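Student: Provided herewith is a single structure, encoded as structure tokens, for subsequent inquiry.
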Amino acid sequence: MSLLCYNRGCGQRFDPETNTEDSCTYHPGVPVFHDALKGWSCCKRRTTDFSDFLSIVGCTKGLHNSEKPPEPVKPDVKSTTERKELAELKPKFQEHIIQAPKPLETIKRPSPDEPMTNLQLKVSASLKQALDKLKLSSENEEKKEEDSDEIKIGTPCKNAGCSKTYQGPHSTEEVCQYHSGVPIFHEGMKYWSCCKRKTSDFNTFLAQEGCTTGTHVWTKKDAGKKVVPCRHDWHQTGGEVTVSIYAKNSVPDLSYVEANSTMLNIHIVFEGEKEFHRNVKLWGVIDVKRSYVNMTATKIEVSMRKAEPLLWASLELPVSNTQQTNENSDQ
């Protein structure tokens, strides 16, 4: 004769004669529901879906239990003594409901025209070591270049957007088609400030032909710093927003990140002659004094402390919200 197991998380039928210490897999704890998350107090797994919660496999082995838990009794309470007795009758496995704290009042959005402050740059040991190696190699390259001013066949043009390479003296007479502006990344769209042909695809952006004509630049001496696009993303926790820029061997002495409560300006020089710029109107408000920048050999992380513990819908404030904010401030 099979019996129904009443252990939480089991619910299977079992044969009492074959019931052993590891026959049942169940939850010895109680259900916990907090901030839309559901789980058991005895294990760490959490889910927002109630069906998933019901299907969470037990975390403890033991005997099947055929004893049905007592139903909660609801007598007509008339005295304090009876209320106390009623509390004792309630099953011990009743779910725990944790009340969330009251929401904080929304902070009034400060003006974007507040003075900008340079965030503290924290340079890692790995970046310092990488820069020391690059310094030695660049010194050796400069000596070689001084010995020979000859341009090697296959040398790419240093102008942004130009894909031509040096094939001989006739290459210097060719017209160079390049982008004279800077790359701009805004609300998922990518374009150059000089021609503003917008696209959401990064490869299409890189393949856009230049909108300006001029002469090719073959050597670093003539090119100087070159503004280039750079992969970057962001993530957040309850109290912090982090922007990651994937630029190798950034130069701390030539780079800076400045911010006020609602604006972020990023200027990174990396790999010797490359530059990355990004200006962001932040979706939320940050605490500038508690924000900083971590610089490593492979990336830069801008850690911004939130002024209020709210989840941001995006990193950047949409244009419509910005205009609405300005209109409200004018009124």
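Here the Cβ of each residue, glycine as well, is placed from N, Cα and C on the backbone.
For Cys5, Cys10, Cys24, His64, the entry in Swiss-Prot reads Zn(2+) 1 binding site. Summarising the annotation, Swiss-Prot assigns domain 'CHORD 1' to 5-64 and lists sequence analysis as the type of evidence. Per Swiss-Prot, the feature Zn(2+) 2 binding site maps to His27, Cys42, Cys43, Cys59. Positions annotated as Zn(2+) 3 binding site by Swiss-Prot: Cys157, Cys162, Cys176, His216. If you look up Swiss-Prot, you'll see 157-216 marked as domain 'CHORD 2'. Taken from Swiss-Prot, the feature Zn(2+) 4 binding site applies to His179, Cys194, Cys195, Cys211, supported by sequence analysis. The domain 'CS' feature in Swiss-Prot is assigned to 227-316.
Neighbours and distances for these, please.
Tutor: When secondary structure is read from DSSP and collapsed to three states, His64 (Zn(2+) 1 binding site) falls in the coil class. Around His64 (Zn(2+) 1 binding site), the same-chain residues six or more apart in sequence whose CB sits under 8 Å from its CB are Leu3, Cys5, Asn7, Cys10, Gln12, Phe14, Asn19, Ser23, Cys24, listed in sequence order.
Within 10 Å of the Cβ of Cys59 (Zn(2+) 2 binding site) there are 16 other Cβ atoms, across all protein chains.
Residues near Cys157 (Zn(2+) 3 binding site) in space but far in sequence (CB under 8 A, at least 6 apart, same chain), listed by position: Ser163, Lys164, Thr165, Tyr166, Cys176, Tyr178, His216, Val217, Trp218.
Over the domain 'CHORD 2' (157-216), the average per-residue pLDDT in this prediction is 83.
In sequence order, His179, Ser180, Gly181, Cys211, Thr212 are the residues of the chain that are 6 or more apart from Cys194 (Zn(2+) 4 binding site) and have a CB within less than 8 Å of its CB.
The helix, strand and coil residue counts that DSSP assigns across the domain 'CS' (227-316) are 0 helix, 52 strand, 38 coil.
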Student: What does DSSP assign Cys10 (Zn(2+) 1 binding site), in three states?
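Tutor: For Cys10 (Zn(2+) 1 binding site) - judged by DSSP and reduced to three states - the answer is coil.
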Student: C-alpha of Cys59 (Zn(2+) 2 binding site) to C-alpha of Cys195 (Zn(2+) 4 binding site): distance in Å?
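Tutor: About 61 Å separates the two Cα atoms.
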Student: What are the helix, strand and coil residue counts for the domain 'CHORD 2' (157-216) according to DSSP?
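Tutor: The counts are 10 helix, 16 strand, 34 coil.
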Student: Let's check the environment of Cys10 (Zn(2+) 1 binding site): how many other CB atoms sit within 10 Å of its CB?
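Tutor: I count 20 other Cβ atoms within 10 Å of it.
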Student: Residues near the Zn(2+) 1 site, Cys5, Cys10, Cys24, His64 excluded, by Cβ within 8 Å of the Cβ center?
Tutor: Tyr6, Asn7, Gly11, Gln12, Phe14, Ser23, Thr25, Tyr26, Gly62, Leu63, Asn65
